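Enquirer: Handing you a structure now.
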């Protein structure tokens, strides 16, 4: 019965978002109330549960998400992202242009959120495509593959950051293992899949695409942008700090070293929130002050970034509220009881649930957060590495993007594809990322 109620709730969510065109956040809150009532939760507890879920989720990720958005905006507005992309293109040359786009997209994708990175990179990729007279899809598929993988697997992106917080996973481990899983996944879903896509829908590689909807794009002369080295360093600084801290902590645990104030300081600096604060301060200097940009202009970029993520934060909070209703309403315990004694790995189970919710709901972040509410009770009975459960959930949450996902329509319109061509490229690309991500995560679980 609880699963039937959840299924009805998901259908209702679909109808509200797609049928009635209601705002996603509002729809999530309405469905959270409805599901809570249907599950028989005490009336006095319903509002408390929704507030607990929304506040608990945002309390963990709002700082990381907000600082990450500001960091990305500074890199974009200073021309640092354009410098990274164009330098790699010039170094790799026309013959290896696809690899240049993949590497640039991966680096920029770590620092910028999916939509921001896509809007930033697409004009650059279009310009390269036009200059070299090659298909926009030939460059666009590996570009979106890299952005989608970083979005689904790597902190400080909202999905993996929020899941790690809900499951109590070490965010540094999520980042470290996420990079290990992400690199081969990008190679499969990017350059290798492009060859397959060219055979499946060759006509899509003849389309010109259009970026008119993006309006006038801010472009920089290369000499006006920050240096390549400092741009890459600034974009990757959160990754560097968290990775070093995680490696030191793993060495401490492996060697059984006694805790001390130095190791405590390393953990503090390596905490996701602290590393983002440090990285933002560095970016304010390297992308602004060091280049004689007025501090007001730098702060305007930061303010713009916060304005742009306001609704996304509310949607994440709404997903957290729905997740908490599933937990407090007993659905998570019911699922745990259902799978009690089964041989199914929590990693695989998390992926399956996230995949089903993703196909149903469209939003990767909402699917991932809702999944945590269902698998969390099971994890107490397992010794599985929580960072791997985060990665599996992230992988499942990007599967089979279709008409209920904004990314589907963005890809279709920018690259000028038909519905059939979009399904054969974008939807298949996202599915390859999900399946490859699961495969590499399961492989990694044999060693950690």
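Glycine residues also receive a Cβ, built from the backbone N, Cα and C atoms like all the rest.
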Enquirer: Can you dig out which of the ranges 207-227, 228-248 Swiss-Prot describes as transmembrane segment?
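Expert: Feature transmembrane segment in Swiss-Prot: residues 228-248.
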Enquirer: For the record in Swiss-Prot, which of the ranges 174-194, 405-425 is the transmembrane segment one?
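Expert: It is 174-194 that Swiss-Prot annotates as transmembrane segment.
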Enquirer: Can the transmembrane segment (428-448) be said to touch the transmembrane segment (228-248) if we require at least 3 CB pairs below 8 Å and skip pairs under 6 apart in sequence?
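Expert: Not in contact, no.
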Enquirer: Is it true that the transmembrane segment (302-322) and the transmembrane segment (269-289) have 3 or more Cβ pairs under 8 Å, skipping pairs fewer than 6 apart in sequence?
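Expert: No, the stretches stay apart by this measure.
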Enquirer: With contact taken as 3 or more Cβ pairs under 8 angstroms (pairs 6 or more apart in sequence), are the transmembrane segment (347-367) and the transmembrane segment (174-194) in contact?
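Expert: The answer is no, given that the two segments have fewer than 3 Cβ pairs within the 8 Å cut-off.
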